[in-house]
Amino acid sequence: MVAVIIKGNEVAEKKRAQLTEEVVKLKEQGIVPGLAVILVGEDPASRSYVKGKEKGCEQVGIYSELIELPETITEERLLAEIDRLNGDDRINGILVQLPLPKHIEEKAIIERISPEKDVDGFHPISVGRMMTGQDTFLPCTPHGIVELVKETNLDISGKHVVVIGRSNIVGKPVGQLFLNENATVTYCHSKTQNMKELSKLADILIVAVGRPKMITADYIKEGAVVIDVGVNRLETGKLCGDVDFDNVLNVAGYITPVPKGVGPMTITMLLHNTVESAKRAGVVCK
């Protein structure tokens, strides 16, 4: 058996086409979705991510505003910029590109963003609403992962989901989203003693640890859905995931590649959240 490859780039493009149609309808009502991205410093990776977000906004018709601030900016000045954007009716979503310089407390910055504009889904209020199954902005990568699994037409309810990794950005929230879909969820992490045995029980395996090709065929239940969140660069310069793709391909039922798997879905779900925020606000732009 050779696994079906879940092409995240194709799923993302399909969803972006739907978003484009939604934005056209909103603009007919005088509503223009707007996203503000704050970039602090000159980190090349952060700048690359921001460019991808700007390109995505342009593609679907979202107004985007990039605020570039120096590495030396004070926390107070950054908080004041967020306050300004919180009060700007043209802006439906505020995203602060992470990581931030060491002298700025990330927690304070995230908590300053209005929950109504928290399109990253990182604010504690957003997290609390997600945990209790309320309507809220879902974190983009975990939301994208659930959407990719749904593309397989697998009924998630009752399935065993194993999440390898427990980061606040991917591991913890993605498990909660699957729990909200009535799956049974097991978390594995660096202190888990029987990871291989637990992994082999998974109908759906999510891997987000940042270790190249860590997961091999002997971790996989035959026919399982395998979602590889890792993005690692080998010495050759080639990108690879946390899953040994070629090794697992003949055991899994479905698998995401790296690149063109989970990555394209992250920005797409950010665009989705921004459009949803604009719908909720319903502010007509003059």
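Placement of Cβ uses the backbone N, Cα and C atoms for every residue, glycine included.
Residues or ranges marked as NADP(+) binding site in Swiss-Prot: G165, R166, S167, S190, V231. The local packing around G165 (NADP(+) binding site), expressed as other Cβ atoms within 10 Å of its Cβ over all shown chains, amounts to 23.
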V231 (NADP(+) binding site), number of other Cβ atoms within 10 Å: 17
